[in-house]
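> Pulled from TrEMBL, these are the listed features:
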BINDING   Y119, Q181, N204  NAD(+) binding site
BINDING   S227, Q249, H252, H320, D353, E407, H412  substrate binding site
BINDING   Q249, H252, D353, H412  Zn(2+) binding site
ACT_SITE  E319  active site, proton acceptor
ACT_SITE  H320  active site, proton acceptor
Amino acid sequence: MAIEYLKRASKTPETETGTAREVVTAMLGEIERRGEEAVRDYALKLDKWDGPILVTREEMERRAREVPDQVRRDIAFAADQVRRFADAQRESVKDFSVELLPGLTAGQKLVPCNVAGCYVPTGRYAHIASAYMSVATAKAAGVGTVVACSTPYRGGGIHPYVLYAMMVAGADVVMTLGGVQAIAAMAYGLFTGKPADIIVGPGNKFVAEAKRMLFGKVGIDVFAGPSEVAVIADETADPLMVAVDLVGQAEHGHESPAWLFTSSRALADEVMRAVPGLIADLPPTARDAAAAAWRDYGEVIVCDTREELVEVSDRYASEHLEVHAADLGWWREALTNYGSLFLGEETTVAFGDKTSGPNHILPTKFAARYSAGLSVHKFLKPLTWQQMSRDACKTIAQVTARISRLEGMEAHARTGDYRLAKYFPGHNFDMGVPVDA
Ligand SMILES: NC(=O)C1=CN([C@@H]2O[C@H](COP(=O)(O)OP(=O)(O)OC[C@H]3O[C@@H](n4cnc5c(N)ncnc54)[C@H](O)[C@@H]3O)[C@@H](O)[C@H]2O)C=CC1
Ligand SMILES: O=C(O)[C@@H](O)CS(=O)(=O)O
Ligand SMILES: [Zn+2]
């Protein structure tokens, strides 16, 4: 297999995890000890926020009136795309029941979580789209109470358009909190009295680490950390468009990887020539983030065959994966590890990030090997049930008692003994050899 690195990253997606772990451990410990008081202290120290934590309905409505019409229309359009995709996901999964033996019926019942916490990041950028990605999806799943949190934006309250997007998507409770303190407040039900059953949403390394550490106490969607992009390109691809798309995601932050996997050396060279100029042309926040991201995390890999490209791409398991190549159907079938796939140059990650419909809260740091991104399924519990007749019980009880006794579990076996003795008095059954005292 011929795989050549034209550019190799000096850092890996794991590089920054260690420092975040230390900070988050200390913060969660403090919040567990001192509760709301500690949360307020962190909000002040980290985000310069000492205003109210809960946003009242009147405040939401007052601020919504200030949102310009075009912004309202755009948010309504995009939120509706996301909601309709989520509704279709909800339709795709069903309750069912099946008769496994005559008289034994078992089933699945999809039950939504009662309380979901949705985190909407707004540290570097105002992630308006993350608000409807999480809240609208939770609502489409049937979650009763959605608590949404977002960072006080640049020392003020929640960014006005983020707040509006939360409202349009159907948030029930909103808190002005960011980072670890927001995740902990949702997990413990601070300020609301409603501890979240599941916490979803993207965030920086501190947010992602807090979710990971609280997992178990609460459910989480996925490890949705710093954004990643990969592009697979063959010789038919437009090199400048590939470069624009790589830079398009590198602006997320200094730790956002952008990877190019290509079968064309000429294309690789052209993309590498174009990227620095595209970055230099960005406004300062984006320029600084993208320059560091490309320098430390950018990679360009050239392979001989498309099978090798699939192998490399599946190993990276990128959060977003674009394919600019011939025979798109082949790629859709062959690729297995990615958060969301963008087939053909007509679509691009930014379209999925903001507007087209499939969710943008997606797995990072290799989590796409075992998990998809946010969907209605994450909020739904496929609970199982069973019910049986006395005749079915006769078959099941005997096998159960025998297996239980083989395992040494006498009390389990006797739950079968008792039933058969009650339902079929005077009959002899093979219930296995009782476990010695
Ligand atoms: N994987 C996904 O699906 C998506 C990922 N993202 C990622 O979300 C991230 C958003 O990050 P940000 O803009 O930073 O917003 P953020 O809201 O996640 O983080 C801001 C918070 O970080 C906390 N913080 C900052 N420095 C800290 C420190 N030294 N110690 C403790 N806490 C600290 C502050 O409390 C602040 O409220 C980006 O990395 C972006 O790439 C965004 C959208 C989707
Ligand atoms: O990682 C992601 O999903 C982001 O690219 C989404 S957004 O650009 O922040 O909307
Ligand atoms: Zn993006």
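Our numbering is plain: 1 for the first residue shown, then up by one each step along the chain.
Using the three backbone atoms N, Cα and C, a Cβ is placed for every residue, glycine included.
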> In the structure shown, which of the binding-site residues Q181, N204, S227, Q249 has the fewest Cβ neighbours within 10 Å?
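Sparsest of the binding-site residues Q181, N204, S227, Q249 by Cβ contacts within 10 Å: N204.
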> So if I draw a 10 Å sphere around the Cβ of H252 (substrate binding site), how many other Cβ atoms end up inside it?
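Excluding its own Cβ, H252 (substrate binding site) sees 24 Cβ atoms within 10 Å.
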> With the Cβ under 6 Å from ligand 2 as the test, give me the qualifying entries from the binding-site residues Q181, D353, H412.
D353
> Filter the candidate list Y119, S227, E407 of binding-site residues, keeping only entries whose CB is under 6 Å from an atom of ligand 1.
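Result: S227.
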> Which recorded positions from the set Q249, E319, H320 have a C-beta atom lying less than 6 Å away from ligand 3?
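Listed by sequence, the hits are Q249.
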> Other residues near the NAD(+) site, CB within 8 A of the CB centroid of Y119, Q181, N204?
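Here the non-site neighbours turn out to be P121, C149, T151, L177, G178, G179, V180, A182, I183, G203, F206, V207, A210.
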> Quick one: pull the CA-CA distance for S227 (substrate binding site) versus Y119 (NAD(+) binding site), whole Å only.
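The separation of the Cα atoms works out to 16 Å.
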